[in-house]
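Engineer: Take a look at the following structure, please.
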Amino acid sequence: MQSIGKPTGSLSQQSDGNSVHLDVAQLEEKAHLRNSVRTTRTLQDHLKRETLPSADNYHPHFMKIGSRATLAELHLGETYDKKDEDLGPEKVTGGVKFGWIQGVLIRCLLNIWGVMLFLRLSWVVGEAGIGQAILIILLATVVTSITTLSMSAISTNGQIKGGGTYYMISRSLGPEFGGAIGIIFALANAMGIALHTVGFCEALSDMLEDYWGVQIVDGGLNDIRIIGSITLVVLGMIVSIGMEWEAKAQLLFFGILLVALTNFITGSILGPSGIDEVSKGFVGYNAEIITANFYSDYRVFDGFQQNFFSVFAIFFPAATGILAGANISGDLKNPSTAIPRGTLLAIILTSSSYILFAVIAGATVLRDATGNPANYSENGTVSDYMKLCLDEDCEWGLQNSYQVMTLVSAFGPLNYLGCFAATLSSALACFVSAPKIFQALCNDRIFPYLHVFGKGYGKNNEPLRAYGLAFLIALACILIANLNTIAPLITNCYLASYGLVNLSTFHVDLFKPVGWRPTFRYYNKWLSLLGFALSVAAMFLCSWPTALVTSALVFTFFFIVRYRKPDVNWGSSTQVQVYKTALTNAQQFCNIDDHTKTYTPQILVMTGLPNMRPSLVDFAYLLCKNNSLMVCGDVLKERQSHNDRSYRIRKSLQWLRAHKTKAFYSLVDNLSFANGVGALLQATGIGKMKPNILLLGYQSAWRTSNNEEIESYFVAINMALEMSVAVTILRVQEGLDYEGIIGDYDIENSASKKQNAKGVDNPSFTDSPDGSLSSKPFVISGSIDTGLTGESVENGKPKQPNEISLSGDAISAAQKKHMKKSRVMFKDPQGNELSADVQNTICRFRMKQKRGTIDVWWLYDDGGLSMLLPHILTTRSNWANSKLRVFCLADANEEQNHKKESMRLLLSKFRILVSDVVVIPDLTETPSPQTKAWFDALTHEFVRKDDDSSIQNCNAPVIKESELIAEKPKTFNFMRLRELLLQHSTQANLIVMTLPIPQKGTVSGPLYMSWLETLTANMPPFLLVRGNHTSVLTFYS
């Protein structure tokens, strides 16, 4: 390319080998930035409304008040009034926060090293032997370890709050399982208070009798009840003071416990101090004892033949302390880190120690001993000692005495202190855990009437009321005063909790939502599933009656929550499952060929705002309920902002949900009605889950509408037919649009004021004895020969149908009572209750219909939809008393009986029950003069001569004379049909008739609407149906 010279005052740049010439003189004439200087401002000033990434923007509190700029603010320049002052800062609970050692590790160690270690481990070894005792410990460890891995995965998938296990399960599996296990787990912890308190009482009672020979009452159950009640009061006072005092007490107990465990190990090494200890079974380490005690020796204990799983059930509460740290998750500094680290380390330490102590007990103590020193000598052998109890009952030894650890310890009283520390610390942990879990459950309000227990007091938000409830439950269990009775009950509750923790992790990892990103990686969904299976199996193997009761309670609470449908959204894995299942099914459904037997009516019903056309919504739902897809369509001519669209969608969906209508809502804007209907028909749905029927409300005011409105309605019908979509039109004489008659739906008040209704399927706004509709929308008098009924011609114009009156008759006391019991109440825009007649009219399709008929005028074969829809109606309980009566056409010279029988045979093959078949042979007769006069009055305002200049460039709807004459045969048919309808169907509960099809290009909108008016005016509820001429009925199975 030839180069361009650079004259003075010009700039030249090279770009991709091409010279670009810039004339500075020309640039000086325009605005430029060459000499501009950037002013010194802060970064935020430069960013304008943009927001830098920050943790605050993702905090739930700030997300609500909108700290991040919205898209509308940036794109449209809108200003958004943030309500920081109204909402106020988030309430942060004050008080002490614990690290992973004090908050989780020490708390878990104290809870696991509990009553079972000091009072039942030796008995477990005596019954199961050293080998099976280790197996029991390992089995419990496997269940708790897998559960801890699952719990660690959940707890590291984002921040967790107070509520521990309940919080994790409810946020993972949803409120149904969360609420159920929250109740069960809180109950288990409350009973755990009693378990450890009774253990403390047993040890204290034994110490008083051994050292001082003191008995309060009988040295048995009554002593335990008295000591336990006093101890429970003291524990309640400690936890009521606050978590700080409880934490200090736990540290003291932990120190005593470590000394006591060391004392036990030391005593086993030192051996028995004298013949007195030998007589009670402690002989020191001996290979013969190890051999004898290695195998099991299950006996009858407490009237029950023990076995591996019954012993496991008694021991398992020893392993349940793994959740002691998680249960106070709200009081931890960093729960996501503290819970897995502290819990896993506690399991390793305690499992190792339990195995060690089991081996020590089995290697040093006889199963049976007399306790009489005279029977033992320093030169005796173990085999000699074992023979002493073959012929007599012995009170000492592994299987007879619970004080083996005290016997073996170097200093016995110190072991009692350790036992006291272990039992009281575990009781304190349970006393803290149960109310905390219950408080979180109550504050979520997923169960009725329980929120009163969720109230917190003081800087630590202590649940004093929940403490009182836990106190009462624990006191009731303490009165049982039997450790072996309480333990299996708690075992089942804990196993159920562990099972659901594992199920939560398996479920969420199976569906893998995008938000599932736990930082703890050492888990596996199949391992979690194994943990769930082991937990459930252990429940039933330990005690199947108790397992059945526990399972029944879980599912009872589950269905209570599911029935109540609490208004919570926690992003649980069940939501992900619903989405992925729906997506998979929709994709699979696309690969299935259509079949007549599987046809279902999927309806797009043009409701606008559903709350303003409740009757139309109700009628559509009658056809779709529990069977098929229903979409409420809304078309707006004006462009809507995002906020306006969102509010309208939210209001409509909430109204549908409040009225128990399972339907979708779809909104399009900036379109005419016809184009909007077309857009909805094309874009609504996914795959084959899309509307195949268009349901329109009849345009009652078409005679007073301009040509554009009539044409838009008419085009919408034609557009649906062109898309091979069935068209149905519903007309009731009072109209379907109640805008201005009923008040708008207030979503704010509705959200805060929950309806107590169970449902809205069968409200009963009735004031007639038979429960039928009391209002009278039409009146039939006279005959077809003397004049048209219900409407008369005055001055060449038909009378308009009556408008709905807001001033109904006085409502009787019985009627008021009926309406109060009703689950649907509509009010006027001022908030006043509407009259009974208006209420009845609005709810006509929700009410029990009177005994009568659905008259089906099956005029033309449209594929069978004209018969299928009324048949579906008769399957609904509200329409069960309405029998199908079918009308069909026949030539005048055709044998009527033959036509009737052939129609009956056809319907029987379709398996549709009808009460009667009526053959109409005289459709081709000329209509009466009165009917023709009525039609002429109807169309008088619209008929124009073809050469009338006034119709040129005019927006008024017109019917040209040539069109009227050309379509005279069809028009006469519709007139005649009107006469037949008035003759046969004025008392029907519903009339269903095949919809006339307007031939495109030959029939105008006003003439077509005149035909529809002729058929439906002054009639009972009227449904016009035109299928897409594809069969929806079949003979074959």
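Just so you know, glycine gets a Cβ as well, placed from its N, Cα and C.
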Engineer: With TrEMBL as the source, identify the stretch among 523-541, 713-731 annotated transmembrane segment.
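Structural biologist: That would be 523-541, the stretch labelled transmembrane segment in TrEMBL.
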Engineer: Cβ pairs under 8 Å only, please: of the recorded stretches 104-123, 220-239, 342-366, 414-434, 523-541, which one is richest in them relative to the transmembrane segment (177-200)?
Structural biologist: 414-434
Engineer: If you count Cβ pairs under 8 Å, which stretch among 129-156, 308-330, 342-366, 523-541 touches the transmembrane segment (104-123) the most?
Structural biologist: 308-330
Engineer: Report yes or no: does the transmembrane segment (464-483) come within contact of the transmembrane segment (523-541), defined as 3 or more CB pairs under 8 Å with a sequence separation of 6 or more?
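Structural biologist: Counting Cβ pairs under 8 Å, fewer than 3, so no.
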Engineer: What stretch of 129-156, 220-239, 523-541 shows the most Cβ pairs under 8 Å to the transmembrane segment (308-330)?
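Structural biologist: Answer is 129-156, with the largest number of Cβ pairs below 8 Å.
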Engineer: Tell me whether the transmembrane segment (129-156) sits in contact with the transmembrane segment (414-434), defined here as at least 3 Cβ pairs under 8 Å among residues 6 or more apart in sequence.
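Structural biologist: Counting Cβ pairs under 8 Å, fewer than 3, so no.
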Engineer: Can you name the far-off residues of the same chain, 6+ from the ends of the transmembrane segment (220-239), with a Cβ under 8 Å from a Cβ of it?
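Structural biologist: Distant Cβ neighbours of the transmembrane segment (220-239) are 193-194, 197-198, 200-202, 204-205, 245-246, 249, 424, 427-428, 431-432, 435, 467, 471, 474-475, 478-479, 481-482.
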Engineer: What is the pLDDT of the domain 'Amino acid permease/ SLC12A' (103-604) when averaged and given as a whole number?
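Structural biologist: Averaged over the domain 'Amino acid permease/ SLC12A' (103-604), the predicted model reaches a pLDDT of 84.
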